[in-house]
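Heads up: the structure comes next, in structure tokens.
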Amino acid sequence: KKKKRHKNMSSPAEPMPHNINNDNTTKEETDDDDDEEENEISTPAGPIEKLYVQCSTQKFDIPFLTCLLLLESILCAAIIKYISYTEIDWEAYMSEVTMYEEGERNYIHIRGGTGPLVYPAGFLYLYSALKYVAGGDGSDIVMAQILFGVLYVANIGVVLSLYMIVGRRMVDSVDEILTDAPVRMTSNERSHRLVVSHVVWTWRVAMCICCLSKRIHSIFVLRLFNDAPAMFLCYLSMVFFVSNKWRIGCLFYSLGVSIKMNVLLFAPGLLLLLLQSSDNLVETIICLGICAVVQLILGAPFLLTFPVSYLRKAFELDRVFFYEWTVNWKFLPEDIFVSKPLSIGLLLCHIGFLVLFAIKWLRSAKDQTGSYLFLCNNPTNTSTRNKNQLTPEYIIQTMFLSNFIGIVFARTLHYQFYSWYFYSVPFMLMFTLMKRHTKLMVVIMIEFAFNTFPAMAKSSAVLQMAHVTLLSGVLL
């Protein structure tokens, strides 16, 4: 039994969905439990319970996902038809693309209605294609909305697929624990099935929550922000990561960075995963090289002409944000918001929590596998390599947490930045020990803050409380 439990520790810091109490009990207590179970078994299961259990089986996973995607498609179509488009950045995007198409390669001179271009080269290529499809000059807004509606459905499909993969693994884990548990926990087959079904439906509820954000639908379908395609490519890269296809995943990850640099918030977690999943440092360097080559190829027209201008603007780290648009710091006076000490303090907190996160993950890896890094570096023992292979839940949790730490200590958050981490919130909450009502409250608080316009001191304070609560729940 001990040997089998060790085998289940297939990745460092692997999160478990539930705590099962396996304490020893006296014979009298066991007999009492058996009597209670016999009484429970004697009560036949009703039709609702039978349907509840039957629909939780794996064969209904794909139909459930399909239903959610169908409903999302209908909702996006209704939004496009009945809700007015809101112009914010699309015209600025089109102006910047037009200047690029006219031959301008100096990033300082490429400007739109909102100021200089501050996105990497991949953004220009993507929105040049969108401009062509949207009437040739970007004037066909409905066509652009349809494309972003398709993008939204594809994006939520990728995200829900990640949830489904991890959720089913958690269900199998709970099923195995209950099967191997003392007789008092498994003698009642009906209770066993109900517990497993509860886990399935808990994950499906989390998937449904991912489809309920008003702001996320707006960001994709009504605002056409470049955050949407950038995050789609980032989530797509995770699909390859959990499939142990790290090189292909790094390709898509770097493509996401080429559209908007916020995807770099996932980089610390990705670096840790590359170091742990690789056989040696060479494989990690190859994956990092793929990320670098993508940036060099896409940025070549600008790097070969005005390299300093491109690097300064496309990856602008000292960008100054306007106080009026901040969602997370509105409870601070404006003079403090724009102050250098706040910026430095947030940066130090960001780095500090990343270090704390890395230490916790590395210690867990050491305890469970005997190594901090290169966990699969045992080519002569196939069973050991398979045991130490990183699990999907560990990979996704690491990526999400790395990004979320950056969100918590962000210099500012705008409304469209919600798309950077919304889908990770229910996922991370699933691996905390919070009460269910607390988890739900965290989701509601964050959604409330991002749907309060304009942002107020109260909404910003609520947002930060939710962030701190979630970060504490994950790290502690």
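We count from 1, first residue shown onward.
Every residue gets a Cβ built from N, Cα and C, even glycine.
Residues annotated as region 'Disordered' in TrEMBL: 1-43.
Among the features that TrEMBL reports, compositional bias 'Acidic residues' is placed at 29-40.
Sequence-remote contacts of a segment are chain residues at least 6 beyond its ends whose Cβ falls under 8 Å from one of its Cβ atoms, and for the transmembrane segment (146-166) they are 61, 65, 68-69, 72-73, 76-77, 79-80, 130, 133-134, 203, 206-207, 210-211, 217, 220-221, 224, 228-229, 231-232, 235-236, 238-239, 242, 392-393, 396, 423, 426-427. What TrEMBL lists as transmembrane segment is 146-166 (among others).
The transmembrane segment annotation in TrEMBL covers 224-243 (among others). Sequence-distant neighbours of the transmembrane segment (224-243) (same chain, 6+ residues past either end, Cβ-Cβ under 8 Å): 88-90, 93, 119, 123, 126-127, 144-145, 148, 151-152, 154-155, 158-159, 161-162, 165, 249-253, 255-257, 259-260, 262-263, 266, 273, 392, 395-396, 399, 416-417, 419-420, 423.
The transmembrane segment annotation in TrEMBL covers 255-274 (among others).
If you look up TrEMBL, you'll see 281-304 (among others) marked as transmembrane segment.
Taken from TrEMBL, the feature transmembrane segment covers 342-362 (among others).
Residues annotated as transmembrane segment in TrEMBL: 394-411 (among others).
Residues or ranges marked as transmembrane segment by TrEMBL: 417-434 (among others). Remote same-chain residues near the transmembrane segment (417-434) are listed as 15, 17, 19, 159, 162-163, 166, 170, 202-203, 206, 209-210, 213, 215-216, 219-220, 225, 227-228, 231, 235, 262, 265, 327, 393, 396-397, 400-401, 403-404, 407, 410, 442-443, 446, 450, 469-470, 473-474 (criterion: CB distance under 8 Å, separation of at least six residues from the stretch ends).
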Long-range neighbours of the transmembrane segment (281-304), counting only residues six or more past its ends (CB under 8 A): 105, 107, 120-122, 125, 246-247, 250-251, 253-255, 257-258, 271, 274-275, 310-311, 314, 374
Intrachain residues whose Cβ lies under 8 Å of the transmembrane segment (394-411), provided they are six or more past its termini: 11-15, 162, 166, 238, 241-242, 265-270, 272-273, 321, 328, 343, 346-347, 349-350, 353-354, 357, 361, 417, 420-421, 424, 427-428, 431, 467-468, 470-471, 474-475
